[in-house]
Amino acid sequence: MVKAVAVLGSSEGVKGTIFFTQEGDGPTTVTGSVSGLKPGLHGFHVHALGDTTNGCMSTGPHYNPASKEHGAPEDENRHAGDLGNVTAGADGVANINVTDSQIPLTGPNSIIGRAVVVHADPDDLGKGGHELSKSTGNAGGRVACGIIGLQG
C-alpha cells in the first residue's frame, strides 16, 4: 500500500489534512477534513504543480495529463484532478471521503509532488455554461492548498 498526505493551509484561516491511500493498481482513496470554510460546496481538485511560492496561485491548472475538458468525477471527459465538491457544514468543516481511479500515487501519472486545492465556490462540474466551466468549473478563488507528499 502506498500512502501520501497533504497539509492544507492558507492566509485565510482555512486548514486541514488530506490523506491518500492506494492498494496496488487500485483506485486511490482520499480522506480527511478541512476547517474554516464557509458553509456549502467547495471545488476540490488536484492541481498540476506542487509549487506554493506564490500561495495557492502557483499550483497551476487542474492536473490534466490526458488533455481533457473539466468535468465531474464520474464523467469520462474530465481532468484527472477533478474531484468534484466537498461540503462544509454549518461549523465550516468539510469531511472528505472520495475514491478515484485517475489520481494514482505511483507510475507515470502519479499525483505525488502535486497540490490539492480547496476553492471558495462550488465546482459546476463543467456544466454551468460559464466561460470558465470547461476549464475550472468556475469554482472561484483558491482558499487552501497543500503539496501531496509520500508518507511512511
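Indices start at 1 and increase along the chain as displayed.
Cβ atoms here come from the backbone N, Cα and C positions, even for glycine.
According to Swiss-Prot, the features are:
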- His45, His47, His62, His119: Cu cation binding site (BINDING)
- Cys56-Cys145: disulfide bond (DISULFID)
- His62, His70, His79, Asp82: Zn(2+) binding site (BINDING)
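Here the C-alpha separation of His79 (Zn(2+) binding site) and His62 (Cu cation binding site) works out to 7 Å. Note: the Cu cation site is recorded as His45, His47, His62, His119; in the same chain, Gly43, Phe44, Val46, Thr59, Pro61, Tyr63, Gly81, Asp82, Val117, Thr136, Ala139, Arg142 also have Cβ atoms within 8 Å of that site's Cβ centroid. Listed in chain order, the residues near the Zn(2+) site other than His62, His70, His79, Asp82 are His45, Tyr63, Asn64, Lys68, Glu69, Gly71, Arg78, Ala80, Gly81, Gly126, Ser135, Thr136, Gly137, each with its Cβ within 8 Å of the site Cβ centroid.
Over all protein chains present, the Cβ of His70 (Zn(2+) binding site) has 28 other Cβ atoms lying within 10 Å.
Here is what falls inside 10 Å of the CA of His119 (Cu cation binding site) among the recorded positions His70, Asp82, Cys145: Cys145.
Counting in whole angstrom, Cys56 (disulfide bond) lies 16 from Asp82 (Zn(2+) binding site) by their C-alpha atoms. Listed in sequence order, the recorded positions from His47, His62, Cys145 having a Cα within 10 Å of the Cα of His70 (Zn(2+) binding site) are His62. The recorded positions near Asp82 (Zn(2+) binding site), taking a 10 angstroms Cα-Cα threshold over the set His45, His47, His62, Cys145, are His45, His47, His62. In sequence order, His45, Val46, His47, Ala48, His70, His79, Gly81, Asp82, Ser135, Thr136 make up the list of same-chain residues 6 or more apart from His62 (Cu cation binding site) whose Cβ falls under 8 Å from its Cβ.
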